[in-house]
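Novice: From TrEMBL, here are the annotated features:
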DOMAIN    51-100  domain 'Alpha-D-phosphohexomutase alpha/beta/alpha'
ACT_SITE  S64  active site, phosphoserine intermediate
BINDING   S64, D276, D278, D280  Mg(2+) binding site
DOMAIN    118-167  domain 'Alpha-D-phosphohexomutase alpha/beta/alpha'
DOMAIN    471-524  domain 'Alpha-D-phosphohexomutase C-terminal'
Amino acid sequence: MDLGAVTNHSTLHAKPSGLVLQYGTAGFRTNAEHLDHIMYRMGLLAVLRSKQMKATIGVMVTASHNPEEDNGVKLVDPLGEMLAPSWEEHATRLANAEEQDLQRVLVDISESEAVDLQQDAFVVIGRDTRPSSEKLSHSVIDGVTVLGGQFHDYGLLTTPQLHYMVYCRNTSGRYGKATIEGYYQKLSKAFVELTKQASCSGDEYRSLKVDCANGIGALKLKEMQHYFSQGLLVQLFNDGTKGKLNHLCGADFVKSHQKPPEGMEMKSNERCCSFDGDADRIVYYYLDADGQFHLIDGDKIAALISSFLKDLLLEIGESLDIGVVQTAYANGSSTLYLEEVMKVPVYCTKTGVKHLHHKAQEFDIGVYFEANGHGTALFSKAVEVKIKQLAKELEDNKGKAAKMLENIIDLFNQAAGDAISDMLVIEAILALKGLTVQQWDALYMDLPNRQLKVKVADRRVISTTDAERQVVTPPGLQEAISDLVKKYKLSRAFVRPSGTEDVVRVYAEADSQENADSLAHEVSLAVFQLAGGIGERPTPNF
Ligand SMILES: CC(=O)N[C@H]1[C@@H](OP(=O)(O)O)O[C@H](CO)[C@@H](O)[C@@H]1O
Ligand SMILES: [Mg+2]
């Protein structure tokens, strides 16, 4: 490995002076103009990680739901999961090293992680549709090749497709073929099999409107739709031909503004959904007969999926251990419904899919979703083998249920939350159960809630515990929040520093929208006063 070349080459990818970035909840993210050196360095780091793990590592160039001018990068570990936390620290250190220190930092990382430098390295790269992504992905490739790593550039991919490719490559193709056709075929085959079993295949279940956030999801759905068109017709909006990425559309916009995206023609009671900019999140919604908007978020998706899986297991006669994993942002009604009505255990982790994914791996079947629509279901290897066996052995209704489960397992992306895969799972379940979007929505009523952001001088002054539901520092803030919460009914509130934006996030829910709004505003003021707010004091106008 020629470390000298690293420094010579790094001058081509100069670090802007004074810029300090951190590997956050979803890698590095900032304005695309400041990211060239980060991409190069993440190429270098991916090679070290690949050598250490003796496996293929993924690098995805995307900034998901951020504005089009931003970009970002994250590394994908061998089984398609997010990068291990100790390597996130290496990533931050490498990203912020001065050019003359790069070699030393690389040597330090290699030594502390016992990286065998003689080992081969292989890195796969994917990128979203941002104008800056292509050039930035070439900088990643520069980093990979300067350390002698081999690579495959998949070009345009959704984030979960890159996770899938990494997983396939590191499981010798047992999970699926590591090609875009392999992905389309695996998912579509499972979906078409499932929908064939649906007795109600009326038109209502066959068509869906999809807002693609003007992002990569549109390209990939266009390529894929003929593979599954037997079971579902999709009508694409915000497909990137006119609008700007994530601008007034996409899953993040719909979830946070609780209103329909621009550019979508909605008729009452039609099922619609939105992807985010890199197609790893999905939310559903519809307009009722009075034209009122109803959002069906990640929590209700988790409820639909876990109730379907539970029913199938009951039919097959297998008692497997199902767990649902949420974050503090999960609506209180969803947690109550899952625990009290469905009788499934619910666990809360810190924000960020790596935490949810990790927890979900503890169960035979782990369903995890963030309220914003990022999630999937994980099945243990033993369960997968058992269900395949039962699908062959069992007959009649039990056999049918086992085959459904076998196909559902294939339909879920086991590496990461995936808008396309989740969309097909949801569509299959609705068709199989004969549920309309309104019936699905009626599983439970969301508690009114409000999310706000507060700007502070240094958001790191806020530290939390209990899966981010309680503040530890600064002193007095938790007491203030607890006192405010007591003023309202069915209320809950918490604050945490964001891992992707320079803000403190505030969440509140209560018995009415007015009360949720007031509580969120009062908590924002407490944060502003006790955690060093900057700029204007929060106002109650949202
Ligand atoms: C409240 C919220 O939606 N937070 C999002 C957001 O994280 P923050 O750490 O809250 O900025 O971006 C993450 C990455 O996309 C996503 O996993 C998470 O759910
Ligand atoms: Mg995303």
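Every residue gets a Cβ built from N, Cα and C, even glycine.
Show me how these features fit into the shown structure, please.
Specialist: DSSP places the residues of the domain 'Alpha-D-phosphohexomutase alpha/beta/alpha' (51-100) in helix, strand and coil in these numbers: 17 helix, 14 strand, 19 coil.
S64 (active site, phosphoserine intermediate): 27 other CB atoms within 10 A of its CB, across all protein chains.
Across the domain 'Alpha-D-phosphohexomutase alpha/beta/alpha' (118-167), the prediction's mean pLDDT works out to 98.
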Novice: What's the CA-CA gap between S64 (active site, phosphoserine intermediate) and D278 (Mg(2+) binding site) in angstrom, rounded?
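Specialist: Per the Cα atoms, S64 (active site, phosphoserine intermediate) and D278 (Mg(2+) binding site) stand 5 Å apart.
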Novice: Looking only at the domain 'Alpha-D-phosphohexomutase alpha/beta/alpha' (118-167), how are its residues distributed among DSSP helix, strand and coil?
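Specialist: So the domain 'Alpha-D-phosphohexomutase alpha/beta/alpha' (118-167) is made up of 23 helix, 13 strand, 14 coil.
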Novice: Cβ within 8 Å of the Mg(2+) site centroid (S64, D276, D278, D280 excluded): which residues?
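Specialist: Everything else in range on the chain: T62, H65, D128, T158, T159, G215, A251, F275, G277, A279, R281, H374, A419.
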Novice: Among the recorded positions S64, D276, D278, D280, name every one whose Cβ is found under 6 angstroms from ligand 1, counting any of its atoms.
Specialist: S64
Novice: Within 10 Å of the Cβ of D280 (Mg(2+) binding site), how many other Cβ atoms can be counted across all chains shown?
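Specialist: For D280 (Mg(2+) binding site), the count of other Cβ atoms within 10 Å is 33.
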Novice: In sequence order, which residues at least six apart in the same chain have a CB under 8 Å from the CB of D276 (Mg(2+) binding site)?
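Specialist: In sequence order, the residues whose Cβ lies under 8 Å from that of D276 (Mg(2+) binding site) (at least 6 apart) are S64, H65, A213, G215, G217, N246, G250, A251, D252, I282, G373, A419.
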